[in-house]
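J.: Here you go, one structure.
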């Protein structure tokens, strides 16, 4: 591949590869810090979430240098991020002190389920009581995506080796359109519980910088899924012109990979700043109740 590149092309590839390397080094340094400073109950979850941007940058870099591996690298990044969605929900629960403390904090509270991406327009939906059962359903909503995404990836690769699967064959007779639609539905179902939980705990966890953490998670989601889908559609419609020896679809893949490397590099640096800070643990519910009682007795 490098033999077919001109000097500016080689320079661009070198810069993007260096960005990927720096992103991985920053992540490794951050993982060591988390391992030393963060309690063991939260350690693996936070490392998983921090790994999302470097992993996507690495898979994009491999796909950029080895074009034939694009399908495998894209699937690997998608599967990894499916697990990260589940981990982010678990992180919000852990930051509240775990499931038991969360239930005690919100024992009389209710989840607002009219939130994105499923039901942001359905304002008439009732609020649901916060119980062990509703927390189980929220966790199941994200876990199903972490489970089914690798299964669908394996199925896609099997069909691809048999010649029945092509990313750019979107006809009803092809397998790609049906698998893509199924993945899209599962993705929306998985994102819904994260949105519901964030709406509930964002005020409580504001001292733990949950809003910038959620924003970073949303940026990775949009850039890795929506941006990639838009560029693939433009390439499919030949709006992105071919440039021999590259076809429209190959150029679209190159553009996606190069953009993702730069974007994930920046997100890795910002994540280090957001997750690096140490925060005080939240006060137990009993302390909060006692303080409220003291305030009432003071007059």
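Glycine is treated like the rest: Cβ placed from N, Cα and C.
Copying in the features that TrEMBL gives for the protein in this structure:
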TRANSMEM  12-33  transmembrane segment
TRANSMEM  45-66  transmembrane segment
TRANSMEM  72-93  transmembrane segment
TRANSMEM  136-160  transmembrane segment
TRANSMEM  175-194  transmembrane segment
TRANSMEM  214-235  transmembrane segment
TRANSMEM  255-275  transmembrane segment
J.: What same-chain residues lie close to the transmembrane segment (72-93): Cβ under 8 Å, and 6 or more beyond its ends?
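T.: Distant Cβ neighbours of the transmembrane segment (72-93) are 42, 45-46, 48-49, 51-52, 55-56, 59-60, 62-63, 99, 102, 135, 138-139, 142-143, 145-146, 149-150, 153, 156-157, 190-191, 193-194, 197-198, 201, 205, 210, 213-214, 217, 220-221, 224-225, 228.
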J.: With Cβ-Cβ distances below 8 Å as the criterion, list the same-chain residues six or more beyond the ends of the transmembrane segment (255-275) that contact it, or say none.
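T.: Hits for the transmembrane segment (255-275): 12, 16, 19-20, 22-23, 26-27, 29-30, 34, 46, 49-50, 53-54, 56-57, 60-61, 63-64, 70, 209, 212-213, 216, 219-220, 223-224, 227-228, 231-232, 240.
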